[in-house]
């Protein structure tokens, strides 16, 4: 059934297809229909960051930037849902076209640029949802906020989403916001993490609950740089790391239509790069901090590979677009079969 739907959706432009799919998933969620359209994965509860996940396969940020279809995605069988990236103020993102499909490579290139309706709109959508499972909210900075003031935007978002999120993801790795990736390195990273940790402690006292903080990193760092990030996360008391965002590399898509478009590459071509980053993190963290793996999962066995590399949870994005809801169950089954 999804194969037919995909054929129809892929006749539309990628962004129109994305928006229509989100509308349909959201409507199905409100009507309680999505669970009837696909077989739910087996229950496989896991505890990570002190949170109980229905299963270890989640929706990655970026598909539902404004929280428009939380219930719909949950009904498809995801063990957790991450929405965003959201910024303090609404912003339109980069000019269109800004999403490109590369079906021969099971890949997508996007240069969306954190287009979203702002954090207040997202929180209204969260309040309207019925979902009681684990909800991650991914936060970023506005395009026109200077990178040296980025911490202000992250703190504004953290203050607002804290009471409504199961965990909060700090996105410092999108390649589509100029200067953002510089926050992954050296003193810039340590200062940002220290400020977030301090605010997390203050908000814990105010709200009477500690909401975990995860940092989402890029796949394009050297092993040495990845190790430095891991050490900074431990030093500042972060709760998890998400590996990885999209890549600037074009390995695997050279010569393909749209292969030279600017933006972040996701899907099958980023798989090995992302899994390598997970392995480097796992070796350095040695179980002291959980890893959420995302990047290139297009079959169930790829999810199992991420867990074998050292991840505790996985997330889907491009693979979900190409394979549909069946990939959720396939991924849960593959992880369960690891024993």
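Keep in mind that glycine also has a Cβ here, set from the backbone N, Cα and C atoms.
FMN binding, as stated in Swiss-Prot, involves 61, 62, 63, 64, 65, 138, 171, 216, 244, 267, 296, 317, 318; the candidate among 3, 16, 85, 87 given for that site is 85. Comparing local CB density within 10 A for the binding-site residues 65, 111, 216, the maximum falls on 216. If you compare Cα positions, residue 113 (substrate binding site) sits closest to 174 out of the recorded positions 61, 138, 174, 216, 317. For the pair residue 138 (FMN binding site) and residue 245 (substrate binding site), the C-alpha distance works out to 12 angstrom.
The record gives 65, 110, 111, 112, 113, 114, 171, 176, 245, 246 for substrate. Within 8 Å of the mean position of their Cβ atoms, the other Cβ atoms in that chain belong to 62, 85, 93, 174, 175, 177, 263, 264.
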